[in-house]
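See below for the structure under consideration.
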Amino acid sequence: MSQQIKLLVGLANPGPEYAKTRHNAGAWVVEELARVHNITLKNEAKFYGLTGRIVMNGQELRLLIPTTFMNLSGKAIAALAKFYQIQPEEIMVAHDELDLPPGIAKFKKGGGHGGHNGLRDTISKLGNNKEFYRLRIGIGHPGHKDKVAGFVLGKAPASEQSLLDATVDESVRCLDILIKDGLSKAQNRLHTFKAE
């Protein structure tokens, strides 16, 4: 059974100084999908972000990387969703995940924000609807909560970045499966993947 996903969002902080930081892992998924489909994301002020449109398995999918700061991501998502009449249940948000190690990613539907400011604002701006899909890109944890801010805004060492890149690539392939064959088939594949 195919899955109706109409909007894929990659959470990020804007600007070149943040582009390669762990907190921007969600945006890497959208950038890779745009690259694979040979489109250029365009800045759209009314949606507070970089946007694009692709067709996957005959289904239109809008792409968004908010250019607000992370803690205001919901403003961009809500603006685009409202304009195109996209329901929260038709949105997939890709984001960095401290609770998964680098090299691992997981799909999830619904749930809380787990302390992630981008997810927190998204839930709030979608009227506290938590039923959107998430693509959680593992970045690992620094070991202590006081180190989290510096960790997510830091760049991964090369050995770790190669795991993140491989995970993003596999996530894009599994997104294709999700749209064509549904969540459980996509989970079956992505959740057994581990970048080496």
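Cβ coordinates are placed from backbone N, Cα and C, and glycine is handled just like the others.
Fair warning: this is a prediction, and the values are worked out from it, not measured in the lab.
What Swiss-Prot says about this protein:
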type	residues	note
ACT_SITE	H23	active site, proton acceptor
BINDING	Y18, F69, N71, N117	tRNA binding site
SITE	N13	site 'Discriminates between blocked and unblocked aminoacyl-tRNA'
SITE	D96	site 'Stabilizes the basic form of H active site to accept a proton'
Fewest other Cβ within 10 angstroms of its own Cβ, chosen from the recorded positions N13, N71: N71
In the chain carrying Y18 (tRNA binding site), residues 6 or more apart in sequence that have Cβ under 8 angstroms from it: A12, N24, L153
Candidates H23, F69, D96, N117: member of the recorded positions with the richest Cβ shell (10 Å): D96
TRNA site span - longest C-alpha distance across Y18, F69, N71, N117, in Å: 16
Remaining residues near the recorded tRNA site, that is with C-beta within 8 Å of the centroid of the site residues Y18, F69, N71, N117: N13, H23, T68, M70, L72, S73, G118
Cα proximity to N71 (tRNA binding site), best match among recorded positions N13, H23, D96: N13
Cα-to-Cα gap, N117 (tRNA binding site) vs the residue listed as 'active site, proton acceptor', nearest whole Å: 10
Rounded Cα-Cα span from D96 (site 'Stabilizes the basic form of H active site to accept a proton') to H23 (active site, proton acceptor), Å: 6
Inter-residue C-alpha distance, N13 (site 'Discriminates between blocked and unblocked aminoacyl-tRNA') and D96 (site 'Stabilizes the basic form of H active site to accept a proton') (nearest angstrom): 12
Integer Å distance between the CA atoms belonging to F69 (tRNA binding site) and D96 (site 'Stabilizes the basic form of H active site to accept a proton'): 15
